[in-house]
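Asks: One structure is given below, represented as structure tokens, and several questions about it will come after.
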Amino acid sequence: MRLVVIAVGRLKQGPERELADRYRGRFADIGRNLGFRGLDVHEVAESRARDAGQRIREEAAAVLALAPKEMILVALDEKGKSIDSAAFAEHLGRWRDESVADAVFMIGGADGLSPELRRRARLSVAFGAATWPHQMVRVMLLEQIYRAATILAGHPYHRG
């Protein structure tokens with residue numbers, strides 16, 4: 001299974017980019033041995049439309065244009081379900097074992113995700129009740145993907 005992160009907004013050079021790259025690299029090392037075909041990250045430019053609804057629609061169209069046709073969509077959304085790392089790993093492991101080709105994780109921009117993307121998501125995940133900037137959500141998601149791989153591999157990184 002290939003994992004794909006599609007994020008509205010760009011990570012500039014700096015600590016967030018360094019952390020994102022670090023977790024992505026760590027996942028590449030362990031994920032391959034677990035049957036994962038990679039972890040791709042695509043960035044979508046933030047819409048410049050004046051109207052928030054129009055921005056959300058434009059960003060949703062850009063996200064869907066990058067998403068594979070056959071996939072499981074996972075929304076990173078403040079209204080999503082809070083799940084622990086072990087449950088997150090269970091989802092990834094189950095989808096891999098079911099021969100799902102692609103699992104796509106969507107991170108919205110400042111206005112969030114469109115209602116259409118929320119409806120299409122198989123799973124909606126929140127990293128707690130707080131609202132996070134998309135840069136931090138991306139780093140936290142990549143860390144959780146890496147952590148999930150270590151859980152599936154029985155690696156000592158996760159000591160939960």
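We count from 1, first residue shown onward.
Placement of Cβ uses the backbone N, Cα and C atoms for every residue, glycine included.
So Swiss-Prot says this about it:
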BINDING   Leu76, Gly108  S-adenosyl-L-methionine binding site
Asks: What number of additional C-beta atoms lies within 10 angstroms of the C-beta atom of Leu76 (S-adenosyl-L-methionine binding site)?
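Replies: Result for Leu76 (S-adenosyl-L-methionine binding site): 26 other Cβ atoms within 10 Å.
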Asks: As a test of the contact definition, list every same-chain residue at least 6 positions from Gly108 (S-adenosyl-L-methionine binding site) whose Cβ is closer than 8 Å to its Cβ.
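Replies: Val8, Ile56, Glu59, Ala75, Leu76, Asp77, Ser114, Leu117, His134 - these are the non-local Cβ neighbours of Gly108 (S-adenosyl-L-methionine binding site), listed in sequence order.
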